[in-house]
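Engineer: Please read through the structure below; I'll follow up with questions.
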Protein chains: 2
Amino acid sequence: MDKIEIGRINQTVKKWLQADYDLINKMMQSKLDISTKTGPRDLVTNVDKASERFLIDKIRTFDPDSKILGEEGQGDRLTSMKGSVWIIDPLDGTMNFVKQRDHYAIMLALYQDGQGILGYIYDVPKNVLYSGGPAIGVFANEQKLQNPENVNLRSGLFGASGPLVIENKFGMQSIIRNSAGMRIYGSAGIEFIHVLLGKTVGYISYLKPWDVAAGNILASTLGLVCTKVDGTPLDMLSSNLVLVTTEKAQQDIRKIVKENV
Amino acid sequence: MDKIEIGRINQTVKKWLQADYDLINKMMQSKLDISTKTGPRDLVTNVDKASERFLIDKIRTFDPDSKILGEEGQGDRLTSMKGSVWIIDPLDGTMNFVKQRDHYAIMLALYQDGQGILGYIYDVPKNVLYSGGPAIGVFANEQKLQNPENVNLRSGLFGASGPLVIENKFGMQSIIRNSAGMRIYGSAGIEFIHVLLGKTVGYISYLKPWDVAAGNILASTLGLVCTKVDGTPLDMLSSNLVLVTTEKAQQDIRKIVKENV
């Protein structure tokens, strides 16, 4: 896919996301229909489902030969990353959305034969769309982002996942003690945005493909490292214990993880 | 102090805080001068000091007989809450300010003979001032806030302090497991705002008087409970393990704390 083609797709996708933003904001004016999935902390609402339906419809029309993986299961069953694959998190941070109406995002990513082409994280409450990919760079709305500074763990705040901290897996508590402090925002999309902007030095969590697909593309484009916690590449067909971080902090963290496995 | 007098003071203080907001934003355009206080996670900058100096100067002119307690020590040594006492946190969340330029606040409170009269938490990055007290209610900028819903612990996200979670003191991890999830924003002011708005059901942390003075007034005015973790009243002359929460969640949390002391 050449740069002109990617630019054309990008302009189209940004229009979808703007319309999806409007849809979500409109639906928030009515009472939410909330149900649980795997457990009491795994929520889905009518808005998650409508946002996914909306994006799938757009993609099917625009790119009918592609495969689609969506969190709410209205897409395809994905068995390979061959060809054009769209990965949708129609509303990331659903618990925040339900309890706070704050700190949530829409995420969308396009992969071609397993390579990340375009990623999107839309911070809906702040109305800022983070978009881009290796061919075009990363933007916050229309403003091009610079790579965040390559600082070490000790110099930065670290985005953690609550359960990992409590269970103290993989040396989590030691990682935090060796950072400038722990932050928990409760949405992978919002956590990724903090890392992209250098507001945190990294983020670790168990993530499903739709939680990491977009952030992975944006982070890699900005010189950050996004891998499994052992440094091996992500597998977009399964869950991963994801670590996204600066290069320097990755070295610090992997040392701690090795001592605690 | 009658309502008219309180209203007059309120109008004056809001003007100070607007000017302090402008001062902070102006100073952020230059390089920060950062130093540590008690340890590497206890930072102070030239902006903290300038903000405190600015507010102290305003208070001294306006209310020369009052006492002032300020985080950066440019006020008085406070030995009693008798008379008119102003408590200043000139920049709460200094680590966030330094590392993120986000998630920090100015806090200011006025007590009269130990009674909270007026409290202010200024979310500087979002440019929203939370202000008020028992005589006038609580406002987000010019919009009057309603009391948050009196929900139980299980129904809400819970604002924790990182060190308390890691050390698992007072049943912290059990409190979190019994909530809808843990969040950590890294600034007492920002955490208090989340509780005021019902975005979290509560917040627990070791806090100095300037971390809690304003939030205590705003929270109490909105029907929330702000006490030491054992339910006894705060002491504004020393550090407290503070719990601010809905009435129902306080009962849930105190039960867990009792089982874990």
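Just so you know, glycine gets a Cβ as well, placed from its N, Cα and C.
Unlike curated entries, TrEMBL annotations are predicted automatically.
Take a look at what TrEMBL says about it:
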type	residues	note
BINDING	B:Glu71, B:Asp89, B:Leu91, B:Asp92, B:Asp211	Mg(2+) binding site
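What's the neighbourhood like for these features in this structure?
Structural biologist: Under 8 Å, Cβ to Cβ, and six or more positions away along its own chain, B:Asp92 (Mg(2+) binding site) finds B:Tyr104, B:Ala105, B:Ile106, B:Met107, B:Ser187, B:Ala188, B:Gly189, B:Ile190, B:Trp210, B:Asp211.
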Engineer: Same chain, not part of B:Glu71, B:Asp89, B:Leu91, B:Asp92, B:Asp211: whose C-beta falls within 8 angstroms of the C-beta centre of the Mg(2+) site? Give them in sequence order.
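Structural biologist: Apart from B:Glu71, B:Asp89, B:Leu91, B:Asp92, B:Asp211, the close residues are B:Asp48, B:Ile88, B:Pro90, B:Gly93, B:Thr94, B:Ala105, B:Ile106, B:Met107, B:Ala188, B:Gly189, B:Lys208, B:Trp210.
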Engineer: Could you tell me which three-state DSSP class B:Glu71 (Mg(2+) binding site) falls into?
Structural biologist: coil
Engineer: At a 10 Å cut-off from the C-beta of B:Asp211 (Mg(2+) binding site), count the other C-beta atoms across all protein chains.
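Structural biologist: The answer is 25 other Cβ atoms.
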Engineer: Please identify which of B:Glu71, B:Asp89 has the densest Cβ environment, defined as other Cβ atoms within 10 Å, among these binding-site residues.
Structural biologist: B:Asp89
